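Structure first, then comments.
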Amino acid sequence: MRIPNLKDLLEEGVSGRCVLVRCDLNVPLGDDGAITDLGRVTASVPTLKALLEAGAKIVVAAHLGRPKNGPDPKLSLEPVAAALGEQLGQNVQLVCSTDRSPVGGDALACVERLTDGDLLLLQNIRFDPRETSKVDDERLALAKQLVELVGSAGAFVSDGFGVVHRRQASVYDVATLLPHYAGILVADEIRILEQLTSSAKRPYAVVLGGSKVSDKLGVIESLATKADSIVLGGGMCFTFLAAQGFSVGKSLLETEMIETCRSLLDTYADVLRLPMDIVVTEKFVADSPPQTVAADAIPDGLMGLDIGPESVKRFATLLSNASTIFWNGPMGVFEFPAYAAGTRGVAEAIVAVTGKGAFSVVGGGDSAAAMRALSLPEGSVSHLSTGGGASLEYLEGKTLPGIEVLGREQPRGGDS
């Protein structure tokens, strides 16, 4: 299917038109409420700038966190509005409606005052429980209010790749009502992930980490037939080690997944690669003393928090021969300096082979956060995705509601 994109919309003309843009501005916040990683704000800028320069009036919908029972001051988009305004070089008005919903009467009045080249950010769209409702009519009602904001001549641009796997009002339902287009970010993500699934240059190496096998099972099964090797690290590797009959001490373990892991190891023995040594400790705290042990000899009473140095060397050698690499999930608890070496080593190996011409994609979420936490430049890999869950579901071959709807026939506008 062909998905209309921002270029199509700009060719139609947006000067004087109101455009609703769904961005992913779900940034991490520190204890003081300050943004600790601006990656998603920065990624939203190209689409917004293109529309502003073309004279559009922009209404941005976005969320922050998972508010329960309505508005939560701790999850206000106020710091996001300030950061976005700084990056765009212009004022970004945050609409704080007196209604419980971000699309209440105040929002409509603010939109009516917009002039060409203005941008307005709605308050956290998830403050309205209809955004994430499982009831179609409830989501559709909110979508219709969003359409009312931009009017019958308006358009919808989907540029929040991190939420396209969600069937939510501002992601899916609004696209059934307005002419819809993929923003620059979403179009790029689709193009790159499609390359990983259908035309990846071999050898193709996949690096998977994170805590749970259950979170990565689908992508392991999907990519095991496409990749030449799949490196497994992070907390999920201990369930695979247990499936081989090894003791894993107090390490993270999904006992209900052991048989599944055993089956995967039997079926894809020539593809799956496990660590040979593990950095273990007694307690899950940053200053708990580390020691390195063989992966098949983790002592009782100790837990693994990182892959060991021999594993890093082995994985780095494997990656050095790859032409295509996809990485999702850290190799250990990189937030603890004593247990960050595995993630750093693998990341540096990916950066090195990228510098020699390999095509590398780093999945969103913790992997992207690790790159930044370890002070590795974003430009040192070919593509740093903004969507963790969305990237994985796409690679699994699942239908992503927010992408599927963009490929549908265009509605006639806000009155359809």
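Glycine is treated like the rest: Cβ placed from N, Cα and C.
Values in this document were obtained by computation on a predicted structure and should not be read as measured data.
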**Study point:** Same substrate site per Swiss-Prot - residue from R113, R126, R262 joining D24, L25, N26, R40, H63, L64, G65, R66, R166
**Key:** R126
Review point. For K216 (ATP binding site), what is the secondary structure state per DSSP, taken as helix, strand or coil?
Key: helix
Study note, to complete from the structure: According to DSSP, G304 (ATP binding site) sits in strand
Exercise for review: Find, for the listed binding-site residues D24, D366, the residue with the lowest Cβ contact count at a 10 Å cut-off, counting only other Cβ atoms.
Suggested key: D366
Practice item. Could you check the binding-site residues H63, R126, K216 and say which one's CB has the most other CB atoms within 10 Å? Key: H63
Review point. Which one, from the binding-site residues G65, G304, G365, has the smallest tally of other C-beta atoms lying within 10 Å of its C-beta?
Key: G65
